[in-house]
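Q: Take this structure, written in structure tokens, and hold onto it; I'll ask about it next.
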Number of protein chains: 2
Amino acid sequence: MENSGIVLTSRIRLARNLKNYKFPLKMTGEESNNVVEEVKNAVDRQNLNYKLTYMRDLSDVEKSVMVEKHLISPALAEKKETGAFLLSNDEKVSIMINEEDHIRIQTLGTGMSLKECWELSNKIDDVLEEEVDYAFDRELGYVTACPTNIGTGMRASVMVHLPALSITNQIEKLLIGISQLGVAVRGVYGEGTKSMGHLYQISNQGTLGASEETLIDKISQIVAQIVEKEERMRAHLKKNNLYEIEDDCYRAYGLLTNARRMSTEEAMKLLSLLKLGKEMEIIDKAKDKDIYRLMVKIQPNNILSSTDTELTTKERDKMRAEIIRNELLEN
Amino acid sequence: MENSGIVLTSRIRLARNLKNYKFPLKMTGEESNNVVEEVKNAVDRQNLNYKLTYMRDLSDVEKSVMVEKHLISPALAEKKETGAFLLSNDEKVSIMINEEDHIRIQTLGTGMSLKECWELSNKIDDVLEEEVDYAFDRELGYVTACPTNIGTGMRASVMVHLPALSITNQIEKLLIGISQLGVAVRGVYGEGTKSMGHLYQISNQGTLGASEETLIDKISQIVAQIVEKEERMRAHLKKNNLYEIEDDCYRAYGLLTNARRMSTEEAMKLLSLLKLGKEMEIIDKAKDKDIYRLMVKIQPNNILSSTDTELTTKERDKMRAEIIRNELLEN
């Protein structure tokens, strides 16, 4: 499963709050700064060597790039005055401060690595707990600003790439079925549940009444089922619709390597097909290319951040096409 | 004008009938054979060395290939029992026998070459006239089966490629204007006036009351005007919409060189855009390729004729994509 390319990234996020402060929404500017200071000092004392960045020191584009790279949440980017985050050098750990809760520890991993992410999050959580006083209730567990996060305060998310289920219109039914299991599914880089590039995020809905390990096992099992469905659909396509799917994938490659302008949405769709073709071994192109990395690179703000000048949508579409051509055609 | 690639081919067709026979529609099989014999003998006596082929000796596919290559008319292909034609080695001269009229002398040339085609047709006409008795009326001129051909019996046709006028939706208005000048415009390889590959055929409607030279001058002038309009539109696009048109042309190239299946209609549209891009010097691909030749090569019956086996539409679309890729990608 790890090598199929279907599971792209895993993420664990722990919501924590400090005992002696109001929730971020109710804090004054001074209190917010104190929270940042307190967390920063705790991290430093433990020699974690994470870099602190205040939201107020980032431009809108810089903030959006962080969001597109999943290093911070959109909600933190909104906290223009009071938000901050600590980031590890390898960008695998991000501690968001003054988002909805005082602290959100996030760990990122590639492929199906929820357990590794959980272990890392847990370690950082323990380390912080030595330094700060968490708000904790014996009955409920960790106290959070929003009741949906109460309990373990943990959200486990897995990003999956489901092109075969998407292009055969199986995805809707599948997602409805999954959401009935107490699991949230949403598109990545899309509005609401709208998906771009056939990317979906699977995560737990509840955080209460089960241990972190139980929740992670549940998500892992559901993801394994989805991956199996995607793999079965790919095998089905290869057996019954090879000609059509080959055509789709090669056309995608032809457009990606030739177009002179391209919207994010089109690029995501075509890159998804190219990724599928490579993994199904029906296309003999872009062999050593990391298509998912390219998907992130061509997001609107990632493109804006690569240049000093303001760009119109037209110019951005032109630059996007250029980036894709260069990336796919270089040896 | 000759080198712009806008005027593809010129064609002159002369309708002639033999004095001592009924029109083809009313002839018996024996009479039809006698007409073929008489024309064949006349040609042979003049050492013209044209090859005689009876329609009844050709398969449906072979006949359609001849039509797609414009060597015979669709109407002759319908004359399954009585039709025949004499073809010169260089395929520039085709004498159709027992089509609507007993004899139709057709000469084909590349670019704007109506005058050269007329001179050649005229020479062949004179040569034949030494051997056979034409039906001729002092007042009306050459007598033909259909009154629209009476007089000179000449039709002058020019095939033009008008992608810039087509994609900017200027073509409809232009064609309506032209048809009011007593000139017929029809799409090439399309049903009725529907065009494929932005190819149009311009020809005279009337054949009476003017000399051949006058009719040819008139068509030549109208074609020159159309060519100028197409050229002006290309200059306009290059100046104002370079980005968009470049994108269109490169996308066409990307699809043509990658797709695994392609319908005639899509192939014609994309080849037309590639041809436009080459001529506008905005695309640096397929430099030494003859795109018009490829347009003919991928017509349905041309593809069928390249293989011995029966092909489904699906198989034909696959083979078409293969032919295009091989042609455009070979060095």
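From the backbone N, Cα and C atoms, a Cβ is placed for every residue, glycine too.
Under the heading ATP binding site, TrEMBL lists B:9-13, B:H70, B:R104, B:155-159, B:186-191. Look at TrEMBL and you will find B:6-233 tagged as domain 'Phosphagen kinase C-terminal'.
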Q: Since the record lists B:R104, B:R186 as binding-site residues, which of them has the fewest other Cβ atoms within 10 Å of its Cβ?
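A: Fewest other Cβ atoms within 10 Å, among the binding-site residues B:R104, B:R186, is found for B:R186.
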Q: On the 0 to 100 pLDDT scale, where does the domain 'Phosphagen kinase C-terminal' (B:6-233) sit on average?
A: 91
Q: Could you tally the C-beta atoms, other than its own, that fall within 10 angstroms of the C-beta of B:T9 (ATP binding site)?
A: 20
Q: Of all the binding-site residues given, B:I12, B:S157, which residue's CB has the most CB neighbours within 10 A?
A: B:I12
Q: Using DSSP with the three-state reduction, classify B:R104 (ATP binding site) as helix, strand or coil.
A: strand
Q: Based on DSSP, name the secondary structure state of B:T9 (ATP binding site): helix, strand or coil.
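A: The residue in question, B:T9 (ATP binding site), is strand (DSSP, three-state).
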